[in-house]
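To start, the structure under review is shown below, and the notes come after it.
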């Protein structure tokens, strides 16, 4: 079985593995279920100052990461991780979803290009057929945090990461799961009563048919209230 390998291009290599070195992702890293390497883009910078950016043609605010610098760093990444699919976290990209995550895992070799400043030269995207990917309709300081988020999602889908792989079927957004792509139902644990708030009695009944019906009803109600667009295919 091939493992997931991610090559990460960044100007802040110390940010990795970051949170991915802990909890489930960290355990999976130690078990060699996934691996990574980091390339410091600044190592390919120009002049003694290792410049990696410049002013934008046509004017505008902010600096743009240079294509010659990025090209050299990407060529190095492809030498380390040939046949990899390359992703660039960007607000212009296709929105990352659970189904998109499964699609990404069809290729276990991935390269993440973490942008900074105003972004990267468009010619880099064209030259390397880079796929732009967005984690939401908001702006961050760079591509490192989205890359960590995307990798965390991918890693927990890998066999051997979760103690019980069936857990995935009862989570939000799982199209083939218990809630058919909707949001997960409300969850409860001990104590049975906390600050005068009781666990719904049906969950204590032991009647699995009624419990399953309650969970599906809860999921539908919560999805309709908070994410009604998810119901279109239900």
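Placement of Cβ uses the backbone N, Cα and C atoms for every residue, glycine included.
Per Swiss-Prot, S-adenosyl-L-methionine binding site is recorded for 115, 135, 136, 137, 138, 139, 140, and the stated evidence type is sequence analysis. The Cβ of residue 140 (S-adenosyl-L-methionine binding site) lies under 8 Å from the Cβ of 146, each of these being in the same chain and 6 or more residues away along the sequence.
Shown are the binding-site residues 135, 139; the one with the most C-beta atoms within 10 angstroms of its own C-beta is 135. Neighbours of residue 138 (S-adenosyl-L-methionine binding site), defined as other CB atoms within 10 A of its CB across all chains, total 7. Other Cβ atoms within 10 Å of the Cβ of residue 137 (S-adenosyl-L-methionine binding site), summed over all protein chains shown, number 7.
Around the Cβ of residue 136 (S-adenosyl-L-methionine binding site), the number of neighbouring Cβ atoms within 10 Å comes to 11. Here the Cβ of residue 115 (S-adenosyl-L-methionine binding site) has 25 other Cβ atoms within 10 Å, regardless of which shown protein chain they belong to.
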